[in-house]
């Protein structure tokens, strides 16, 4: 529901919001221009007014903008004139302030140049923007695993990822602009108090007028001035609007005759005006302008996300109450629905009447002989948007056999955590388990196909559904060099260096630790390899161990300099070292991203590398580089764990031997990066749990804090 609440108003009002925001972005530069044009003077209102009156004898009114620009209304032989004046000399300056184009844009921004009806429309658009900012912030917090992770990395790719990143960067500015804009529109329409100055009953004054710089009531800082009106004829008082009040001043004595303070409504208006326009805080205006400029990008990426979800709709659904098989999906971005649609098509082709829907829409299914729940995990084990209410609805469902399939990414702190919660809740509610729960890692077609075959056998259906998520745009790469290792220990490995186009010529942008997706000839799914370089290095580098019967590694091992391949980059922003102390743990080809991080690192930060290998003379990948980085201070400690020889060691043994030092490092804030096989990752996590326990820490807690990151395969 919250996602619909966010997307439907955005779709309906996206064009208007983009136009209003774009005009606001243009207007945001005006405060900076005014601030730059305004002359500075450390003097009282009376002294400055006296200078200007001496230089402009027909002075009738003096106003000061929040940015410090002084404007004088002068009446002379040519009639009234508006002059920009210098507070130091009183002389007229070149006309500053808004150009005709700026005035036109301001009129459009305030009312679409449609009068009162336009003002009302703009006010409503501001309210819509405030709602979108609030709902977007809530959705983003859910996406990242909670409010404390609101500043964490965004893992989503494509338009969805850009929508989240741009929205997060612009959220504060857009929310502030929207709320203050809605208030100002309401004030303009008379719905709330505005900034109108209080009125005073007209008084009369007698006697010769004092000099302006001698009047006690004008002895206020120039920065406090809003407006000063001089008498148009004898017997009239001066009227001063400054320092939050309006005063009438006797020109003969220079003393206050009457005064009225601006009310709360005027003060609210002043704050709203400053926070919305930046007039009076030019730097804030520029920041708000940058935020406003993000709205067209948010509208465009939001439309792309919405269109992608619509493309995921599957025809041929039967109502839930009439279905033999019910498939319910818990998804946030729509990718899990593609797998569910493949299962729906296969089961329908096998003669089943199938309903495919969201887990939030679970209801009576009297004819169904089985229920399939395909659930992604959102953030740190939370429910995705289309399953947020499922567990609350579970009590109203009649138990039938159920199969649960979880979708996730093993690099997340809670891999398939929500699917595990669902499985536990289904068992507690009396739902029989049709087959053991399954998991799909990183949208793996192989994982899905294996689970689907087991599911089909359980129902007596001959089905083999396949689903291959659409691949990102692939880039042409060429092998520049290769270094071979591990032949002597039956662990053939190769470091491939690949040429890439610069990003400004259409090449990929990447950092060490990102993943290179390679589709071998005849393969049904890409294989991912951790990058040991950044695009700024001018090349892409991966390390590949040849696995017997592998789908991609034998093909990559057959490539030599000059060979070409196509690949794409998948961002992995969590796998970064940064400037904090880092403990790196790797085995075999898992050293590649560590080498890439060290290649880009600066000396002077404590970094340790625990490296598992078989033989120092055979499969010690990056040995020359690691030795050089150890000498120049980029790598503090290199701790090899050699599994063959007189005293075999594994990385777990080395961790156990250094337990006390590791506890101190991690308790002091060090980050842990792990790269290697799935079995290695599990063994290392168990060892780390054991050595961290005396300090009251655990791998799970470090993952929640973003300080334990795995790239395991």
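Numbers here mean position along the shown chain, with the first residue as 1.
Keep in mind that glycine also has a Cβ here, set from the backbone N, Cα and C atoms.
Just so you know, TrEMBL annotations are computer predictions that nobody has curated.
The transmembrane segment annotation in TrEMBL falls on one of the ranges 169-192, 193-216, 217-240, namely 169-192. TrEMBL tags one of the stretches 281-306, 307-332, 333-358, 359-384 as transmembrane segment, and that stretch is 281-306. According to TrEMBL, the feature transmembrane segment maps to residues 120-141, out of the candidate ranges 120-141, 142-163, 252-273.
Counting residues 6+ beyond its ends, the transmembrane segment (169-192) has Cβ neighbours under 8 Å at 21, 24, 110, 116, 119-120, 122-123, 126-127, 129-130, 133-134, 136-137, 140, 265, 268-269, 272-273, 275-276, 287-288, 290-292, 294-295, 298 in the same chain.
With DSSP states grouped into helix (H, G, I), strand (E, B) and coil, the domain 'FAD-binding FR-type' (472-578) comes out at 14 helix, 40 strand, 53 coil. Across the domain 'Flavodoxin-like' (325-456), DSSP assigns 52 helix, 32 strand, 48 coil.
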